Amino acid sequence: MEKNLCVLLKSLGSEETDYKIVAEDGISSPKNTDACVEGLAFDSRDVKENYLFFALPGTHTTGNKFIAQAVSCGAGAVVFQDEITQEEHSQIKEALASSSKKVVFVKVPSSRFAMSPVSSCFYDNPSSKLVVYGVTGTEGKSSTVSFIWQLLRLNGIKAGFISTVQYSLGGDAIDNPQHQTTPEAPVVQRELYEMVCNGCTHAVVESSSHGLSKKLNRLGNVLFDCAVFMNVTLEHLEFHGTYEQYKSDKANLFRALDLHNHEKTIAGVATKIPAFGVVNLEDPAASYFASCTKHKTIGFTTEGKAGKQAALGLSSPPLPEIPKDMPYFSCRNIASARFGLAFSIHRFETHDSLNNENSVVHVKASVPGAFNAYNITAAILAVHGTTGISIEKLALCAQKLTSVKGRMTVIDEGQPFEVIVDYAHTPSSFETIFPPLKNRAMGKMICVFGSGGERDTTKRPLQGEIAARFCDIVILTDEDPRKEDRMTIIEQIALGARKEGKKDNVDLFLVPDRPQAIRKAFSMAKENDIVLLLGKSHENSIIYADNAIKYDEISEAKNALKEMGFAK
Ligand SMILES: CC(=O)N[C@H]1[C@@H](OP(=O)(O)OP(=O)(O)OC[C@H]2O[C@@H](n3ccc(=O)[nH]c3=O)[C@H](O)[C@@H]2O)O[C@H](CO)[C@@H](O)[C@@H]1O[C@H](C)C(=O)N[C@@H](C)C(=O)N[C@H](CCC(=O)O)C(=O)O
Ligand SMILES: Nc1ncnc2c1ncn2[C@@H]1O[C@H](COP(=O)(O)OP(=O)(O)OP(=O)(O)O)[C@@H](O)[C@H]1O
């Protein structure tokens with residue numbers, strides 16, 4: 001694949017992306033203004049001959065320091081922001097001198113922002129050839145993305161998806177070795193392009209708040225047709241600054257519906273795609289999200305039965321009012337068990353006429369976790385609205401859905417207590433998963449978890465508090481300390497647990513080494529107890545200051561059970 005640089009730069013234009021071609025010092029007039037671009041890279045270590053290198057500002061360093069390395073590796077063009085320092089300039093000059101190549105330098109106000117339109121153009125705007133779903137929310141994105149993709153495939157539609165745990169470019173799902181939910185724009189656009197090349201007509205994109213923020217602009221040039229909003233709670237404030245900004249960044253997904261006319265070429269055929277939003281009406285931000293698009297929005301609710309409302313019981317605030325004239329679907333009679341879930345979906349045309357319920361559909365799925373009532377319903381509504389496949393048929397297909405790895409995954413090696421691995425790592429997901437388990441627990445609940453370093457610190461005591469309220473024994477351990485002190489993180493969580501009455505070395509244990517923490521939990525578990533291992537789930541490492549150690553929670557739990565003599 002190759003593109004002329006001038007063609008790519010035409011995709012830039014607005015104030016935010018105004019560009020200037022300069023010489024290698026970042027100031028003088030250039031000798032060269034065009035190049036043939038054969039690939040894109042935002043890390044100098046990935047640059048190959050005739051690549052366009054985006055030098056990005058980062059949290060640890062800046063890409064400008066690696067322009068010289070990119071040039072040495074064959075970059076034909078560089079997009080950068082900010083001043084080039086004296087030191088960087090001399091290194092670039094040296095790299096240019098030792099290569100015969102002419103390199104074009106393009107200065108932009110934000111290299112991250114520019115990366116999105118340029119990448120989309122490089123890959124021939126692949127999202128204009130796909131029906132594109134975006135799923136956003138603090139929790140439930142990966143599960144809902146997976147369920148939409150599975151429902152499409154179960155109905156013979158060729159689809160791909162991009163998500164934290166796995167991805168697909170049209171074939172079976174493949175493990176995503178990165179922990180990243182929404183990759184950088186060149187990766188998103190390349191994967192969409194490959195889906196088109198592989199014959200896909202539909203694509204499902206997990207849309208993190210980082211991905212949707214204008215600061216990072218990873219999804220800026222994806223033409224979304226269906227926007228799904230799951231929920232918005234406290235997370236990633238270290239990046240977004242305020243809750244309002246976090247919410248607004250997520251809502252860019254709904255704003256994106258109004259940025260194009262949804263006339264696409266799908267499998268070579270000009271097609272007008274129905275555009276709409278799907279919102280979780282139990283979240284107070286639902287009407288805000290709906291107001292961010294002029295397109296129709298459909299709501300869903302469990303009437304407080306599957307989420308954190310259930311945790312709060314009588315002290316729970318009233319559910320938000322359902323916006324007038326919004327058609328919505330209500331999940332009722334939710335029954336969740338160790339290995340599955342059943343509920344019924346009731347359809348209402350408007351909020352104020354409970355008599356206009358005009359159909360009831362029953363759903364049975366072998367995915368555990370009451371919270372999956374939200375995720376399955378959202379997926380059914382998204383697929384129904386874009387394909388016209390009936391809700392009844394989609395509800396039947398739900399029987400064949402499988403969970404994302406590490407979402408309420410049951411580990412049964414014949415031990416007398418229950419072991420569940422789940423990805424809950426926020427206060428609200430704790431409030432969501434604990435109550436249904438507490439309701440059915442016949443013994444004690446023991447939980448093992450930590451909190452990520454260099455990420456939101458405000459959530460730590462809240463996690464401790466909620467866990468201590470629902471669990472009999474709390475064991476705190478490492479998640480990804482990164483460059484933070486592991487014990488400081490654990491102590492911050494412990495503050496919340498102690499506030500709820502937990503006592504050190506009685507029912508609160510601080511065991512930083514995660515494999516040891518798991519063994520501690522298992523050693524205390526008796527018949528009918530439930531042990532919950534939270535927050536690591538599908539991840540394949542624990543990140544420390546200087547290294548990442550390989551780690552797999554499910555294998556670790558199985559090994560620990562084997563040591564106790566349990567194996568199947
Ligand atoms: C904390 C954060 O935002 N990190 C992102 C950032 O990395 P960084 O700031 O550490 O980069 P840096 O080390 O300072 O380097 C600056 C630049 O120099 C480049 N570089 C560096 C070294 C070198 O030799 N050559 C070179 O070119 C780097 O590629 C980078 O572009 O820039 C990288 C791209 O260049 C991103 O991939 C990376 O995302 C990492 C993987 C990440 O985990 N981000 C998190 C915060 C994230 O995006 N999370 C969201 C939400 C998840 C959720 O749903 O909860 C997500 O969508 O995943
Ligand atoms: N609809 C939901 N509402 C509340 N909590 C949920 C919901 N769905 C899943 N969860 C909880 O969140 C965890 C992560 O689920 P999932 O991976 O689907 O969400 P996510 O938004 O993709 O998270 P991340 O981006 O952090 O991977 C689950 O293990 C469960 O504890």
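Cβ atoms here come from the backbone N, Cα and C positions, even for glycine.
Heads up, TrEMBL stuff is auto-annotated, nobody curated it.
What TrEMBL records for 38-91 is domain 'Mur ligase N-terminal catalytic'. What TrEMBL lists as domain 'Mur ligase central' is 135-382. The ATP binding site annotation in TrEMBL covers Gly137, Thr138, Glu139, Gly140, Lys141, Ser142, Ser143. Residues or ranges marked as N6-carboxylysine in TrEMBL: Lys250. Residues annotated as domain 'Mur ligase C-terminal' in TrEMBL: 406-536.
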Listed in sequence order, residues with CB under 8 A of Lys250 (N6-carboxylysine) and six or more positions away: Thr136, Gly137, Ser207, Ser209, Leu212, Phe229, Val232, Phe289
Helix, strand or coil at Lys250 (N6-carboxylysine) [DSSP, three-state]: helix
Recorded positions near ligand 2 among Glu139, Gly140, Lys141, Ser143, Lys250 (Cβ under 6 Å): Glu139, Gly140, Lys141, Ser143
Taken over the domain 'Mur ligase C-terminal' (406-536), the model's mean pLDDT: 95
Distant-in-sequence Cβ neighbours of Lys141 (ATP binding site), under 8 Å, six or more positions away: Val135, Ser163, Thr164, Thr181, Glu206, Ser207, Ser208, Met230
Three-class DSSP secondary structure - Gly140 (ATP binding site): coil
Secondary structure content of the domain 'Mur ligase N-terminal catalytic' (38-91), with strand meaning DSSP E or B: 19 helix, 13 strand, 22 coil
Helix-strand-coil residue split for the domain 'Mur ligase C-terminal' (406-536), DSSP-based: 51 helix, 26 strand, 54 coil
Extra residues within 8 Å (Cβ to Cβ centroid of Gly137, Thr138, Glu139, Gly140, Lys141, Ser142, Ser143), ATP: Val135, Thr144, Met230, Asn231, Asn375
Position of peak Cβ density within 10 Å, selected from the binding-site residues Thr138, Ser142, Ser143: Ser143
Close in space, distant in sequence - Gly140 (ATP binding site), Cβ under 8 Å, 6 or more apart: Met230, Asn231, Phe371, Tyr374, Asn375, Ala378
